[in-house]
Amino acid sequence: MSKIGINGFGRIGRLVLRAAIDKGASVVAVNDPFIDVNYMVYLFKFDSTHGRFKGTVAAEGGFLVVNGQKITVFSERDPANINWASAGAEYVVESTGVFTTIEKASTHLKGGAKKVVISAPSADAPMFVCGVNLDAYKPDMKVVSNASCTTNCLAPLAKVINDNFEIVEGLMTTVHATTATQKTVDGPSGKLWRDGRGAAQNIIPAATGAAKAVGKVIPALNGKLTGMAFRVPTPNVSVVDLTVRLGKGASYDEIKAKVQEAANGPLKGILGYTDEEVVSTDFLSDTHSSVFDAKAGISLNDKFVKLISWYDNEFGYSNRVIDLIKYMQSKD
């Protein structure tokens, strides 16, 4: 398997490393200009949300050493200056949240990276969602996006529903856990005034492009879905509410059966299914992109339904970053 570099050792960067270890992928380099290697050890070892790292982690001679494997550490602010080639990194995960366009992410190629995977939606890079549109990947693509955690939750469910019952139109709401861009107390937040309100005190209506992005990965749904978010005071795990009008009438039991069929078949490991009495913390560190909650959904009639699906917005997504890289490697 080709070797991976990670740019930005924040929530996603660190969890991509955990996911890589779980999946037997090789991370050989990490770049972060804001934390030194000793701080990396601390942040990787202790995690308030997912718990302590179960393996060994140490700093030795400037390297980050995880489970005995040496990882080269860079501290460059400009991606063009990161010497990925010296560490043997071919696939770079761009997880700073800053370099999200083809132009900006392409600077990694100057340092020897062969491919770049942006761990965020991108304005112009081709977007991929595992289980949905990987067949559209072409080896000549140098920079790709793994879309957003919410698009990764919504798209597999929307695919199953559209393939079987045809989505005429729909609205999505994500009830979304707090993320690092939010404020601990009220503060200025540019043009998005509500986003600057205290995260622990409020339910905050917010914009999200996740539903519209589904139209990019499932062209048949382009223009048929849009959505919004509520940011809520929980540290992790979010839930999508997809309310759709169907072209082909179906009972809620028929819908459940098709989702379960996909979860046990072509979308196994990506789309999950539960009929238990679950709540958000039951999905902490869940590796699925999306877990359909059979007991939470409702049907008004055979053509108008509300479907509910949970996701660990940090760890499920980080696992898909590695899955996307593995898929790319199989085709390159």
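For all residues, glycine too, the Cβ spot is worked out from N, Cα and C.
As recorded in Swiss-Prot, the features of this protein are as follows:
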- Cys149: active site, nucleophile (ACT_SITE)
- Arg11, Ile12, Asp32, Arg77, Asn313: NAD(+) binding site (BINDING)
- Ser148, Cys149, Thr150, Thr179, Thr208, Gly209, Arg231: D-glyceraldehyde 3-phosphate binding site (BINDING)
- His176: site 'Activates thiol group during catalysis' (SITE)
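Checking the recorded positions (Arg11, Ile12, Asp32, His176, Asn313) against Thr150 (D-glyceraldehyde 3-phosphate binding site) with a 10 Å Cα-Cα cut-off leaves His176, Asn313. Candidate recorded positions: His176, Thr179, Thr208. Nearest to Arg77 (NAD(+) binding site) by Cα distance: Thr179.
For the recorded site, the residue listed as 'active site, nucleophile', the DSSP three-state label reads helix. The two recorded residues, Asn313 (NAD(+) binding site) and Cys149 (active site, nucleophile), show a Cα separation of 5 Å.
Neighbour count (other Cβ atoms within 10 Å of the Cβ, all protein chains): 22 for Ser148 (D-glyceraldehyde 3-phosphate binding site). Residues near Cys149 (active site, nucleophile) in space but far in sequence (CB under 8 A, at least 6 apart, same chain), listed by position: Ser238, Tyr311, Asn313, Glu314, Gly316, Tyr317. A helical conformation is recorded for Arg11 (NAD(+) binding site) in the three-state DSSP classification. Each of the binding-site residues Arg77, Arg231 was scored by the number of other CB atoms within 10 A of its CB, and the lowest score belongs to Arg77. Nearest neighbour of His176 (site 'Activates thiol group during catalysis') by Cα distance, taken over the binding-site residues Arg11, Ile12, Asp32, Ser148, Arg231: Arg231. The binding-site residues shown are Ser148, Thr179, Thr208, Gly209, Arg231; of these, the one with its CA atom nearest the CA of Arg11 (NAD(+) binding site) is Thr179.
Annotation for the binding-site residues Thr150, Thr179, Thr208: lowest Cβ count within 10 Å of the residue's own Cβ, Thr179.
All protein chains considered, the CB of Gly209 (D-glyceraldehyde 3-phosphate binding site) has 16 other CB atoms within 10 Å. Note: the CA-CA distance between Thr208 (D-glyceraldehyde 3-phosphate binding site) and Ile12 (NAD(+) binding site) rounds to 18 Å.
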